[in-house]
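What follows is a short report on a single structure.
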Amino acid sequence: MFASYLPPVQPGALSLAFATALLLSLAVKFWLSSRQVRHVVQHRGQVPASFAATVPLDAHQKAADYTVARSRFGLLNLAFSSALLLAWTLLGGLDALNTWVYDATYYRFGAMTYQLSLLLAFVVIGALLDLPWELYDTFRIEQSFGFNRMTWKMYVNDALKGAVVGAVIGLPIAALILWLMGTAGANWWLWAWASWMGFNLLILVLYPTVIAPLFNKFEPLPDEALKNRVEDLMARCGFAAKGLYVMDGSRRSSHGNAYFTGFGPAKRVVFFDTLLSRLNGPEVEAVLAHELGHFKHKHVLKRMLTMFALSLAGFALLGWLASQSGFYLAFAVQPNLAAPNDALALLLFMMVLPVFAFFFTPLSSLMSRRDEFQADAYACKHARGADLASALLKLHEDNAGTLTPDPVFARFYYSHPPATERLGAILAGPQAQATT
Ligand SMILES: [Zn+2]
């Protein structure tokens, strides 16, 4: 197809582009993070004027300390993961792993087992290297700010269950895609894309009904008054009110949340128990109205279609790269001569692509913030703006979100508008929202 019109990949040029993008993204990330820390520390001493009446100073300072602690941890983790990425790619790590797995599996068990073993070995090594970071995050940072509610036993239990679920779901789809890559000819990527989309839709149905219940308890909303209130709201907004659940999020963390998930018969509204314990009825209603706003404005559909389109482009790009020896050589991998290289291509692609995709973060953050403003405006129309504002402020405080982020950092990363802007728009009333 189009691959024949494109010039062959020059390994040297691709290595250089990758190294440049990686260095540049590191510089940007370090710069943004240090701006954020500086800004938050500078404003630690005083609650911003517009929140002086509603947010106590100690909550403001806890949020500042939490933001700084997370940022510092994030920078250390970034340094580690970048070094690891270099080790896997330019320094020959993936090539070494491939040689080892190939020798151990290919002649005895065949091509598919070799390729699945390579993927599995990569995932397992990555998870083990990531483990100390996750433990530190949960049992040191989250713990010291009073957010963590997990015990070691629960952590191990979750990890084992997660590994089994990951293998049960991940191995078949990986095998299918590898099989298509090997047998479906030059247009394999179209078939693989179609399978990948089907797989995603399947997960959308299975996640709320089968997967999430493995990790949490979901009980029908017991509070009759709240249930009536929520059902009224859903009826007003034209939603079939079914599947209202409470999830025991408090078992793991005190961070609160609510979500609207699934589609068709698997559609349901899930409230974290931590959310219900903090918000009153009208506030819960306002938060749900915001979530319904995302549906009414077709944000959910838009996001799904964007994901479909981007993954089509991604598979097309992979379809071209996987057939080019320059793609492998650029990352210090000697492609196999006798065996398929599809698992290698998948792994390289998944490691390299995010480095380039990082530079599009501000664009996706911007689009996401626009959606949030729209959903807020919708919520103000179908519930009370003042309730939404007080609910958001409570959640913000419970999650120790900073009220004084660095403006550039927020523009770059924030998927939700900073609290000042968001509450400002909500409290300014419907006229002001019509223009956002
Ligand atoms: Zn939202």
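All positions are counted from 1 along the displayed chain.
Cβ coordinates are placed from backbone N, Cα and C, and glycine is handled just like the others.
Heads up, TrEMBL stuff is auto-annotated, nobody curated it.
Per TrEMBL, these features apply:
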- 36-217: domain 'CAAX prenyl protease 1 N-terminal' (DOMAIN)
- 221-426: domain 'Peptidase M48' (DOMAIN)
- 12-32: transmembrane segment (TRANSMEM)
- 75-94: transmembrane segment (TRANSMEM)
- 114-133: transmembrane segment (TRANSMEM)
- 159-182: transmembrane segment (TRANSMEM)
- 188-207: transmembrane segment (TRANSMEM)
- 304-323: transmembrane segment (TRANSMEM)
- 343-363: transmembrane segment (TRANSMEM)
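The transmembrane segment (159-182) makes no contact with the transmembrane segment (12-32): fewer than 3 of their CB pairs lie within 8 A, with pairs spaced 6 or more apart in sequence. When averaged over the domain 'CAAX prenyl protease 1 N-terminal' (36-217), pLDDT in the model lands at 95. Sequence-distant neighbours of the transmembrane segment (75-94) (same chain, 6+ residues past either end, Cβ-Cβ under 8 Å): 15, 18-19, 22, 26, 29-30, 33, 122, 129, 133, 331-333, 344, 347-348, 351-352, 355.
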